[in-house]
Amino acid sequence: NLIQFSQLIQCANKGKRPTLHYMDYGCYCGPGGSGTPVDDLDRCCKTNDDCYGQAEKKGCSPLSTNYNFDCFPGGPQCGKGTTCQRFVCDCDLKAALCFAKSPYNNKNFNIDTKKRCK
């Protein structure tokens, strides 16, 4: 679920950037998504959106699925669970690790998506 995704992000980036900074970034970070991603970080969000789409095709509900994960010094790791729990955790884990390695560009926060995301 979104709370766990937020915690995964914080674990992966070691608390360097608040999760809220990722909730309205580029064309894909946040609700919806369209057009061409504006940068690598936005591509992470598009990949996560696509992964959620695959989860839904498997009958999972990615926004409300609770899953288990651990935050180790080397980064987060998904725990055991049902097929849906594992799949959604893997989606979020990949995104969180992608966020942690992608540069954050302040000019892509809270952009005019109607103009820039065609």
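Indices start at 1 and increase along the chain as displayed.
Glycine too: its Cβ is placed from the backbone N, Cα and C atoms.
Model, not experiment: these values are computed from the prediction.
Marked as disulfide bond by Swiss-Prot on the basis of similarity to another entry: Cys11-Cys71 (among others). On its own chain, Cys71 (disulfide bond) has Gln7, Cys11 as residues at least 6 apart in sequence with a Cβ closer than 8 Å to its own Cβ. DSSP assigns Cys71 (disulfide bond) to a strand.
What Swiss-Prot lists as disulfide bond is Cys27-Cys117 (among others), and the listing cites similarity to another entry. Counting Cβ atoms from all protein chains shown, Cys117 (disulfide bond) has 18 others lying within 10 Å of its own Cβ.
For Cys45 (disulfide bond), the Cβ neighbour count at a 10 Å cut-off comes to 23, with all displayed protein chains included. A helical conformation is recorded for Cys45 (disulfide bond) in the three-state DSSP classification. Summarising the annotation, Swiss-Prot assigns disulfide bond to Cys29-Cys45 (among others) and lists similarity to another entry as the type of evidence.
Swiss-Prot lists Cys44-Cys98 (among others) with the feature disulfide bond, giving similarity to another entry as the kind of evidence. There are 25 other CB atoms within 10 A of the CB of Cys44 (disulfide bond), with all protein chains counted.
Take the CB of Cys91 (disulfide bond) and look out to 10 A: across all protein chains shown you find 25 other CB atoms. The DSSP secondary structure for Cys91 (disulfide bond) is helix. Annotation source Swiss-Prot lists disulfide bond at Cys51-Cys91 (among others).
According to Swiss-Prot, the disulfide bond annotation covers Cys60-Cys84 (among others). Listed in sequence order, Thr83, Cys84, Phe87, Val88 are the same-chain residues six or more apart from Cys60 (disulfide bond) with CB atoms under 8 A from its CB.
Under the DSSP three-state reduction, Cys78 (disulfide bond) is assigned to strand. Under the heading disulfide bond, Swiss-Prot lists Cys78-Cys89 (among others).
What Swiss-Prot lists as region 'Important for membrane-damaging activities in eukaryotes and bacteria' is 106-118, and the listing cites similarity to another entry.
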Disulfide-bonded residues listed as Cys11, Cys27, Cys29, Cys84, Cys89, least Cβ neighbours within 10 Å: Cys84
Distant-in-sequence Cβ neighbours of Cys98 (disulfide bond), under 8 Å, six or more positions away: Asp40, Leu41, Arg43, Cys44, Thr47, Asn48
DSSP-derived class (H/G/I helix, E/B strand, else coil) of Cys51 (disulfide bond): helix
Disulfide-bonded residues clustered about Cys27 (disulfide bond) [Cα within 10 Å; pool: Cys45, Cys51, Cys78, Cys89, Cys91]: Cys45
